[in-house]
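Trainee: Attaching a single structure in structure tokens format; questions to follow.
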């Protein structure tokens with residue numbers, strides 16, 4: 001019954017997750033189009049780069065937003081944080097639809113990005129907590145399934161949001177389409193209030209603080225807190241956050257995630273290659289179709305990850321022995337594998353799917369390349385999403401109780417920093433290898449030689465493949481050997497996280513346990 005209710009709660013939360021994503025994605029293209037005209041981005045493209053860099057900085061504050069949602073049950077409601085965040089984003093999006101100068105764009109953009117980031121971070125914490133309410137012996141598997149479900153909901157929401165944005169642009173102006181996204185945020189706010197379940201753990205309240213506040217076994221302050229007690233609760237939470245971030249095990253996980261994302265990526269340079277080489281022979285609808293198949297690949301990735309790592313090792317092994325099928329035996333091996341192996345396998349899938357791009361590098365440009373471009377986009381996007389799933393799964397597993405959102409958001413932040421460094425490394429490699437279009441055409445039609453060529457792209461793709469395989473294989477095992485909780489064991493509350501040993505102990509109620517390797 002516990003797992004059935006958990007699955008129902010997860011589905012309801014993921015519905016809110018999807019609607020928030022619909023709202024975010026439906027505003028992206030309309031605002032970009034209106035900004036080209038209203039804000040002069042077409043004349044000074046660097047202003048667009050500066051604006052989106054600021055928006056990224058606002059969303060990078062996810063750990064701060066998550067710390068608010070993690071106070072659920074201590075004077076703050078998770079569904080309230082999500083609903084208010086969506087309402088703030090609605091106001092910001094409407095402001096973006098009317099902004100005619102940089103100050104108005106930055107002010108309204110900050111509201112939109114901050115509200116959406118708060119909603120996402122709080123929903124992340126709710127998903128993490130739901131992933132820990134499974135029956136004994138399947139906590140890790142349920143975590144993998146709930147994270148896969150959340151990623152699937154977000155991917156589905158992104159696709160629907162793109163359709164909503166396109167439909168709005170077809171019906172009204174870019175200003176009106178941007179404002180319409182505010183309506184989606186309003187719908188998401190109502191859905192969050194309806195769907196996001198309040199925490200109602202059955203833990204016994206056996207500790208009473210000196211201000212009359214009951215504290216459960218996880219360290220959560222419950223009913224009866226005075227105003228001064230709530231203020232002290234905020235201070236306690238800040239200390240818990242600092243303990244968590246300074247813990248050696250958590251730091252090793254963050255370092256692993258950072259290194260995992262450090263490998264160079266071929267995503268941007270290959271997109272440039274595709275448009276440059278196939279742009280004259282493939283119609284615009286062909287690229288749109290390829291993007292559709294990329295969305296399908298992104299949607300299939302969480303399902304595949306959840307199937308591989310979201311089962312019971314006991315059931316999978318028994319089923320594999322009875323059927324003797326290769327897939328069943330492989331699944332049993334995946335479920336029983338240590339946590340660091342999940343990172344190596346995710347990186348391997350990402351690297352191998354990335355090599356599918358070679359099919360286009362070696363193919364002659366023709367109008368019939370639409371099928372090849374679509375297939376390559378689907379495979380490479382599938383690999384990218386599978387490669388990302390271990391990060392959110394680790395964040396869900398290692399985040400302390402009552403700091404679920406903060407823990408996950410901090411690891412995602414480490415991942416984002418690694419991705420930024422990776423982008424810089426990738427750009428440097430592309431310049432060093434002189435990869436690019438061999439000619440350029442100025443506005444007057446004059447053609448000049450650039451000194452670049454697409455021929456080194458093959459070597460670059462193999463280099464990316466090697467880095468994505470080698471870096472996780474070298475970094476993950478030593479950094480994650482002491483990271484994962486064993487199935488069936490409950491994670492430590494935040495205030496005890498910094499004191500837990502990195503070896504196995506019998507005190508299952510108050511310590512983080514390690515996956516045996």
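From the backbone N, Cα and C atoms, a Cβ is placed for every residue, glycine too.
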Trainee: Do you know which of 310-329, 330-349 TrEMBL annotates as transmembrane segment?
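Mentor: Checking TrEMBL against the ranges 310-329, 330-349, the transmembrane segment one is 330-349.
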Trainee: Considering only Cβ pairs under 8 Å, which range in 51-68, 249-273, 369-399, 406-430 makes the most contacts with the transmembrane segment (285-309)?
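Mentor: That would be 369-399.
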Trainee: So are the transmembrane segment (369-399) and the transmembrane segment (249-273) touching or not, going by 3+ C-beta pairs under 8 A with a sequence gap of 6 or more?
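Mentor: Taking Cβ pairs at least 6 residues apart, the transmembrane segment (249-273) and the transmembrane segment (369-399) are in contact, with 3 or more under 8 Å.
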Trainee: Hey, does the transmembrane segment (330-349) touch the transmembrane segment (51-68), meaning at least 3 C-beta pairs closer than 8 angstroms, sequence gap 6 or more?
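Mentor: No, these stretches are not in contact.
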